[in-house]
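Under the heading transmembrane segment, TrEMBL lists 20-45, 57-80, 92-110, 131-151, 157-182, 194-216, 228-248, 269-291.
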Amino acid sequence: MDGAGFAGWLKILGGWSAVAAGLLLGTIALLIIGRGIFVLIYPGCNIRKELVEKDNLALALTLAGYILGLAIALGGSLIGPSLTVKQTFYDLLIYGPLALFMMILSHIINDRVILRHFDNKKEIIEDQNSGTGIVVAGNHVAMGLVVFGALSGEGSLVTALVFWLLGQLALVLVTLFYNAILPFDLHKEIERDNVAVGVAFSGVLVATGNIVRYAIQGDFVSWEQDLIFFGGVMVFGAIALPLARFVVDKFILIGRNLTDELVNQEKPNIGAGAIEAIVYVALSFLIGWSLH
């Protein structure tokens, strides 16, 4: 390669770097705004004091999950079908704030539906319930994955909102189904600060969000085709849920009962909960890769 060709490549690389830096700065700005909005979730609470003076692990887990989920959600506006740099920045400007709105609204919905049996704010701020904290964190990551899928690909604002709502509905239905197949009361265990159960349930939420992402990402084709595909994927995922728990119980924790490890001993086994959670998430990737 001659000097002129090398200089040309450097110029192109410099242009790409400038665009990437601009998009990264824009995304970081939205993350900072999102961190500010997070305060509104817990009005009257001194977030800084809870995190660094009271060492509130439950709130730290919640915030960590929120930041990760928001970053994933914003990624949907960055890898969309934009053909020009200008269009990419425009998408970030439009869909970035939309992702923020979806994340906050999802938190409100799930606070009143998925964990409706108790007050999340009280559990996280007053009781410092880490079991609740990890569940809320998992929910944020799950919704980040859902928003990512809804915003990526060729589609309209309407299709993005519809598939986000379907993803939210899927999380609620999977929660009800998961609670139904458990031999113990999910909400009761989380309320009594059972971190092991919280970790396992968090894995269910993240796995569900990931399956939804696979089901809705990509270009919009038609309502009929996309909705049929979405429904089929979610049914397949729901069937795989008890299968994953069976695998953990019989083939990973050999000689031990998973339920006993989580709830029927004085100190719940957080490690067992983590293994169950990871199996759910791993299975969600395998399902997604199989579909694509």
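Cβ coordinates come from backbone N, Cα and C, glycine included.
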Seg_contact(the transmembrane segment (269-291), the transmembrane segment (157-182)) with at least 3 CB pairs under 8 angstroms, min sep 6: no
The transmembrane segment (131-151) versus listed stretches 20-45, 92-110, 157-182, 194-216, 228-248: most Cβ pairs under 8 Å: 194-216
Other parts of the chain folded back onto the transmembrane segment (194-216), taken as Cβ under 8 Å at six or more residues beyond its ends: 130-135, 137-139, 141-146, 148-150, 163, 166-167, 170-171, 174-175, 178, 184, 186, 226, 229-230, 233-234, 237, 241, 261-263, 268-270, 272-274, 276-281, 283-285, 287-288, 291-292
Beyond the flanks of the transmembrane segment (20-45) by at least 6 residues, Cβ under 8 Å: 59, 63, 66-67, 70-71, 74, 78, 88-89, 92-93, 96-97, 99-100, 103-104, 107, 121, 124-125
For the transmembrane segment (57-80), distant same-chain residues with Cβ under 8 A (at least six beyond the ends): 23, 27, 30-31, 34-35, 38, 42, 47, 50-51, 88, 91-92, 94-96, 99-100, 102-103, 107, 123-125, 127-130, 132-134, 136-145, 147-154
Long-range environment of the transmembrane segment (157-182) - Cβ separation under 8 angstroms, sequence gap at least 6: 95, 98, 102, 106, 109-110, 113-114, 139, 142-143, 146-147, 149-151, 201, 204-205, 208-209, 212, 216, 220, 226, 230, 234, 237-238, 241-242, 245, 259
